[in-house]
Amino acid sequence: MAADIRVFTCLSDNFGYLIHDPATGATASVDAPEAGPIIRQLEAAGWTLTDILITHHHHDHVGAVAELKQKYGCRVVAPHDKTTAIADVDLRVGHGDVIKVGELLARVLETPGHTLDHVSYVFDADKAVFAADTLFSVGCGRVFEGTYPMMWDSLLKLRALPDDFRLYCGHEYTASNVKFALTVDGDNEALKARAAEVTRLRAANESTIPSLLGDEKQTNVFLRADDPAVAIKLRMKGATAEQVFGELRERKNKS
């Protein structure tokens, strides 16, 4: 039976996600940015929280873990590295591990760069990937703890997923990401179409997430750092993908 995925806002621009297994009643929250919105979504749906799947240790992703665990007695799953900074961890996971949420299966991808401990959760049967702050719609996360080559390698892992997978990321940054992408890749017709769609969605106060990975592969310039055409646009003909990615990330940092 397919997962029921709910998308909502936490804090100022974080996404909250609930993944519900109708067969067993199990429900997971991907990260725990803020308790109030998560609890309200659970109560509105008549669900009980059984699991929290943590992607990385930043406070805006784990700030509500202790409160939710106290209220629901849920299992807390977190990446191996730096989990001492996360309260009440029950299960620590790494690359290739598979977690069960009821009868739903989530595969762990290690996707470091934004932080060293960052992981993404892939629900293959539901064609969904929760990439938090590694891959955004039309963008990617800042590289705080890792290196640019490390982050590029993480993006390649996500890019390798099928085109019909849906991307669920950590923040509503799509409008800003589109604005930057157009400065580099302004003649990309798919990107221009996505920009128009994002403008319409945000004007209606609607979410831009999920997006399809196939669309990201066409419109997200960070996923195309190994495309010679992108290097040429940056006046970096002959540069490595890692060098091109680093230049893109530096430019976005300053935008």
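Start at 1 and count along the chain as shown; that gives each residue its number.
Note that Cβ sites are derived from N, Cα and C of the backbone, with glycine treated the same way.
The model shown is predicted, which means the values in this text are computed figures rather than measured ones.
The annotation Zn(2+) 1 binding site is assigned in Swiss-Prot to HIS56, HIS58, HIS114, ASP133 on the grounds of sequence analysis. HIS58 (Zn(2+) 1 binding site) has a Cβ environment of 21 other Cβ atoms inside 10 Å.
Other C-beta atoms found within 10 angstroms of the C-beta of ASP133 (Zn(2+) 1 binding site) number 26, with every protein chain shown included. In the three-state DSSP reading, ASP133 (Zn(2+) 1 binding site) counts as coil. Residues or ranges marked as Zn(2+) 2 binding site by Swiss-Prot: ASP60, HIS61, ASP133, HIS171.
Cβ proximity to the Zn(2+) 1 site centre (mean Cβ of HIS56, HIS58, HIS114, ASP133, cutoff 8 Å) flags the following additional same-chain residues: THR55, HIS57, HIS61, THR115, HIS118, ALA132, THR134, GLY141, PHE144, GLY170. When secondary structure is read from DSSP and collapsed to three states, ASP60 (Zn(2+) 2 binding site) falls in the helix class. Here the binding-site residues are HIS56, HIS171, and the one ringed by the most other CB atoms within 10 angstroms is HIS56. Residues ASP60, HIS61, ASP133, HIS171 make up the record's Zn(2+) 2 site, and a Cβ search at 8 Å around their centroid adds ASN14, ASP31, PRO33, HIS56, HIS58, ALA132, GLY170 from the same chain.
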